[in-house]
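Beneath this line is the structure, given in structure tokens, with notes to follow.
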Amino acid sequence: AICSLVLYLLSLMLMEKLSSNTVDAQEVELIWTILPAIVLILLALPSLQILYMMDEIDEPDLTLKAIGHQWYWSYEYTDFKDLAFDSYMIPTTELPSGHFRLLEVDHRVVVPMESPIRVIVTAGDVLHSWAVPTLGVKTDAIPGRLNQTSFITTRPGIFYGQCSEICGANHSYMPIVVESTPLAHFESWSSLLSSSSSL
């Protein structure tokens with residue numbers, strides 16, 4: 001819209017349909033300034049509203065709290081009682097054959113597939129960032145502040161990510177592994193983990 005207006009006014013000037021006093025006048029400069037500003041405002045207002053609407057999930061099926069520490073992640077399933085764990089990277093010397101070096105963890109985040117998941121992200125010490133690129137998720141973890149993001153997995157699988165904020169010497173040793181499973185498997189996993197943590 002802005003380019004069209006500029007090209008239209010430029011073509012009028014080149015065809016000399018505007019008088020010489022209009023070309024040098026302030027009216028044209030005023031139009032070139034105000035009209036693009038109005039167009040930008042008309043584009044920005046609905047965009048900002050949609051941006052904030054996309055950030056909110058009305059009723060997620062599961063809420064997960066991810067807390068970044070130097071240099072591991074803590075997870076709390078807030079919809080379950082006593083379902084929390086720490087997730088550390090598996091050292092290369094202890095890594096089973098066939099697993100990814102620097103990406104495998106001792107406790108994966110397990111979520112049910114085809115369910116809206118809300119992730120509340122914070123940090124306990126310094127800035128971190130909870131990022132899983134294949135899910136389109138990246139949220140900064142800031143001490144004393146709760147940020148949120150959401151995602152839905154459409155297929156079972158394992159999704160890898162890492163802390164994407166330089167947070168110290170072992171920054172590259174903070175992998176994130178999200179495992180998407182069918183609902184029945186998730187329910188059995190959560191009940192097994194809840195019963196083992198209560199012992």
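Note that Cβ sites are derived from N, Cα and C of the backbone, with glycine treated the same way.
The Cu cation A1 site in Swiss-Prot is built from C163, C167, M174 plus one of H107, H128, namely H128. Cα of C163 (Cu cation A1 binding site) to Cα of H171 (Cu cation A2 binding site): a distance of 7 Å. The CA atom of H128 (Cu cation A1 binding site) is located 5 Å away from the CA atom of E165 (Cu cation A2 binding site). Nonlocal intrachain contacts for the transmembrane segment (1-13), taken as residues 6+ away from its ends with a CB within less than 8 angstroms of a stretch CB, comprise 23, 28, 31-32, 35-36, 39-40. Within 8 Å of the centroid of the Cβ atoms of H128, C163, C167, M174, where the record puts Cu cation A1, the same chain has further Cβ atoms from G68, Q70, W71, W73, L127, S129, A141, Q162, S164, E165, G168, H171. The candidate set comprises the binding-site residues H128, H171. Of these, H128 has the most other Cβ atoms within 10 Å.
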